[in-house]
Every structure is written in C-alpha cells, then in structure tokens.
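Listed features, source Swiss-Prot:
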BINDING   58, 59, 108, 138, 141, 264, 265  carbamoyl phosphate binding site
BINDING   86, 171, 223  L-aspartate binding site
C-alpha cells in the first residue's frame, strides 16, 4: 500500500477505527512532510488545551510541541487545580473550554470511551483528540508507530509484526492490532497468557516470544502496566525479562533488517534489557521524535475540518 497526496480533514480523532486507510496514510504523509521541514500557515489563530487526567510525558509534551510548531495558542489546564476537584464533570469541563473558544481539546482520561458523551453533545463545539482512554485506544501513538514503520519499510503489506507484553491492559496494542491488520500486516502476539484475551485471536496468533523473534520484521514491546493490574504480588521483574522480555540473546536472533519498538515509558531490564534501549535496531527514540510530527499532522487535519 502506497501513500498518495491528499488533504485529511477531521472533526475529531478518538479511535483508529474511525479513520479510513486513506486518512491513515494521509496523516503519515503529512507527518513525514513536517519532519522534512515543511511549514504551514493556518488561516487564523487556533487554540488548543491539553487536559491530562492521567500521567504523561511523551504524549502530553509532544502535543505541546506540535501546537507550538503550528503557532497555536495553548490554554493551560492542570487537573490538580481545576474545578474537577470540586466535583465538576468531564463533560462540564469540556463544555467550559468550548464556551471559552478553545478549538481543540486533547484529552487523556482513565475512563474507557470517555469521549462518546463529548462528541455526541449538541453544545460542545470543540474538537476532541483522544490522548488515551484507560485501556481503550491511543490513536496518536498508533499513528506515530505507523509512521516509524513506514519510514523503515515503505509498506505495511506482508510485514510480520509481533506485539509482545501486557496486551490486555494496553491501549497501544488495541489500536495497533486493528489498523496494522487492516493495512496488510501479519500480526503475532507474545507475552504472559494471563495478559492475553481470546478476542485478539481475530487479529493474530499468540506464541512464545522465542518462536517468533527470528522471523518478525517489527518487534513491538509493551510496558507492563502495573497501575491497571488488580495486584502484582507475584510479579518478578527478573522472571518476566527471562521469559518474555527482549534480552541480549534474543536481540542477536533478530533479522538484520528487523526493528524494535516500544511506546515508552520503558521498564528497563523488564520488557527490554537496559543495554538494548538505544541499540542499532531500536527505534524507540525515533518513535518519540515522530510523535511531534504526526501530532502536527493530526492537529492540521482537525483545523482542515474546521475550515
């Protein structure tokens, strides 16, 4: 599948499922163009607010950087000092932002599907960009992952991609398995069986990491999401690393052309050996870099939808 020129216009971006293949590829194309230095002048001043109700470094700060690069006005929001602490609902918070003239709200929230009430509201005019909804979806992370893969291989068709780790609790995994399958990749899963659900079988086969490490083009590691587990009393970092992580021994068995990805933050010496985070096959830092450019593309598409 190739990328062709095309203008992407979006009202909201809340899941990967709402995007057509053409829109996905168009956003990747714009991300690559921004990375190459392309400039864009918006037709007016647009205002964005980043509302993060869960901790974030990369998503939060890369959206801020994307907004700055597009010369958008940023309306500060800190959940710790907002009226949320007085009992204000998320819907009323966003209704307020809309009334103030905020054009785009980037939101991360622990509630899965939090965005549904917002995009269905007849009075909220601001566009919603989902920065992660609990263990639901993470579309902007998925798009930066796709951009990173496309830069490397120039296609998705026929690529063998393994998603390895804490799959059940990962919004990144859910977004990626759906879109990568749709774009023609062959998906495999690896990791503890207790963190895997049968519903994922429609996308790919669950195997031991040692059975797939030599054949995959992309090894996409996932963070162990301790904060979403009921209890980690029996969890051992050493055991996880030995059974499911990317060790130096497994790294040596990867194909010469294979790449290693991780959405970060990385639990070093758990999902991946500390020595491998910046190894030659690792694209973890590039993913972070691409996050700025693909989020510029997302914001531009939202602006296009308002023109």
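Cβ coordinates are placed from backbone N, Cα and C, and glycine is handled just like the others.
Listed binding-site residues near residue 58 (carbamoyl phosphate binding site): none (candidates 86, 171, 223; Cα-Cα distance within 10 Å).
Residue 171 (L-aspartate binding site) and residue 59 (carbamoyl phosphate binding site) are 13 Å apart (CA-CA, integer value). Take the CB of residue 58 (carbamoyl phosphate binding site) and look out to 10 A: across all protein chains shown you find 16 other CB atoms. Summary of the carbamoyl phosphate site environment: with the site residues 58, 59, 108, 138, 141, 264, 265 set aside, the chain residues having Cβ atoms within 8 Å of the Cβ mean position are 56, 57, 131, 132, 172, 263, 291. Of all the binding-site residues in the list 86, 171, 223, the shortest Cα-Cα distance to residue 138 (carbamoyl phosphate binding site) is found for 171. In sequence order, 132, 133, 134, 135, 136, 137, 138, 141 constitute the residues six or more apart from residue 171 (L-aspartate binding site) in its chain with CB-CB distances below 8 Å. In the three-state DSSP scheme, residue 223 (L-aspartate binding site) is classed as coil. For the L-aspartate site, whose binding residues are given in the record as 86, 171, 223, the maximum C-alpha distance rounds to 33 Å. Non-local neighbourhood of residue 108 (carbamoyl phosphate binding site): 51, 52, 53, 54, 56, 59, 60, 130, 131, 132, 133, each in the same chain, at least six residues away, with C-beta under 8 Å from its C-beta.
Each of the binding-site residues 86, 138, 223 was assessed for Cβ neighbours inside 10 Å, and the highest tally belongs to 138.
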